[in-house]
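Colleague: The following feature annotations were taken from TrEMBL:
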- 1-223: domain 'Ion transport' (DOMAIN)
- 276-383: domain 'Ion transport' (DOMAIN)
- 28-46: transmembrane segment (TRANSMEM)
- 91-110: transmembrane segment (TRANSMEM)
- 189-213: transmembrane segment (TRANSMEM)
- 276-293: transmembrane segment (TRANSMEM)
- 313-332: transmembrane segment (TRANSMEM)
Amino acid sequence: MAIKVVALGFCFGSQSYLKSSWNILDGILVFVSLVDILVSLAYTGTNRILGILRVLRLLRTLRPLRVISRAPGLKLVVETLITSLRPIGNIVLICCAFFIVFGILGVQLFKGKFYHCEGLDTRNVTNKSDCLQANYKWIRRKYNFDNLIQALMSLFVLSCKDGWVNIMYDGLDAVGVDQQPVRNHNPWMLLYFISFLLIVSFFVLNMFVGVVVENFHKCRQDQEEEEARLREEKRLKMIDKKRRSKENGGAEAKQRPYYADYSPLRLTIHTLCTSHYLDLFITFIICINVFTMSIEHYNQPQYLEEVLKYCNYVFTIIFVIEALLKLVAFGFHRFFKDRWNQLDVGIVALSIMGITLEELKMKAALPINPTIIRIMRVLRIAR
């Protein structure tokens with residue numbers, strides 16, 4: 001360490017000792033070792049402060065890390081893992097979003113249905129009342145979807161592909177709330193479990209391996225020099241672009257924006273819709289909406305069900321107002337030209353349809369269950 005400091009300089013200069021993170025790691029380990037030696041020599045058994053400092057001896061276990069900076073292969077692996085942290089963090093967010101979406105879907109589809117009667121002869125048992133009258137036990141399965149926490153635990157087991165078949169069979173056998181399961185009662189529920197396995201287990205989770213492999217091929221010994229060269233080229237391109245933009249600035253300045261002829265009221269709405277604060281407000285509302293959907297669970301109190309219903313009304317009204325304001329601000333063609341605006345309108349339309357069907361009590365007259373339309377509210381997370 002001393003030789004390197006003398007040869008390279010301590011902190012001044014582009015090639016100084018402290019400019020390399022590997023040298024910093026070596027310096028910390030050497031410093032800790034020196035402190036440990038001094039504490040060991042000065043410790044007599046009576047000084048408690050020095051006794052506490054002897055805990056630094058545990059840091060000696062980090063000495064093998066110095067080998068990494070001297071082995072190019074190990075150094076490449078460590079740099080690969082470090083550079084992979086940022087994209088892996090994005091994949092973790094995507095994975096969590098999929099887990100929450102499928103968790104809320106699972107609660108809507110299976111809450112209160114993962115129960116069964118346990119007894120000697122349950123062939124004539126069809127519901128919870130029959131089970132209790134026969135002095136049998138009405139038992140909830142270990143992995144269920146009664147609330148979001150239980151649903152996430154069940155989905156975690158599904159993603160691990162260890163015992164996931166039993167959970168899938170329980171979903172296929174589920175009949176209804178307080179109803180005894182029937183073998184293969186609803187085979188269409190297979191789509192839920194297969195979709196989760198294909199999207200999350202096989203696709204999203206394997207993206208972790210793909211990110212590490214991709215970064216391994218990108219990390220080389222000259223990585224820092226290559227990045228510096230690219231940054232320099234980018235800086236020169238930006239300077240050249242600014243120079244050319246100044247030369248063509250006169251012609252471009254004459255082009256009028258599309259909202260130049262708006263009335264004062266419409267211009268105010270346009271300013272509101274393009275404001276960053278509106279995006280923050282809508283993001284906050286969406287987070288609250290996701291939270292209210294997440295706390296829905298089986299056997300919930302009546303007052304909570306009413307509160308969640310009115311919260312859904314409020315959120316839907318806010319999203320409708322947002323869509324109308326953007327439609328006025330950008331115009332019909334410009335508004336629907338954006339795919340995200342199309343998604344917003346579709347989600348709002350599905351929300352209104354679900355509320356209308358629930359209020360009209362048209363469940364018996366429809367070919368599909370209105371709950372399926374209500375489940376589509378989870379698409380708001382995609383916003």
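Even glycines carry a Cβ here, placed using N, Cα and C.
I'd like these features described in context: how deep, what's nearby, how far apart.
Modeller: Across all of the domain 'Ion transport' (276-383), the predicted model scores a mean pLDDT of 80.
Among residues of the same chain six or more beyond the transmembrane segment (189-213), those with a C-beta under 8 A of the stretch's C-beta atoms are 80-81, 84, 87-88, 91, 94-95, 98-99, 102, 105-106, 109, 155, 158-159, 161, 164, 167-168, 171-172, 174.
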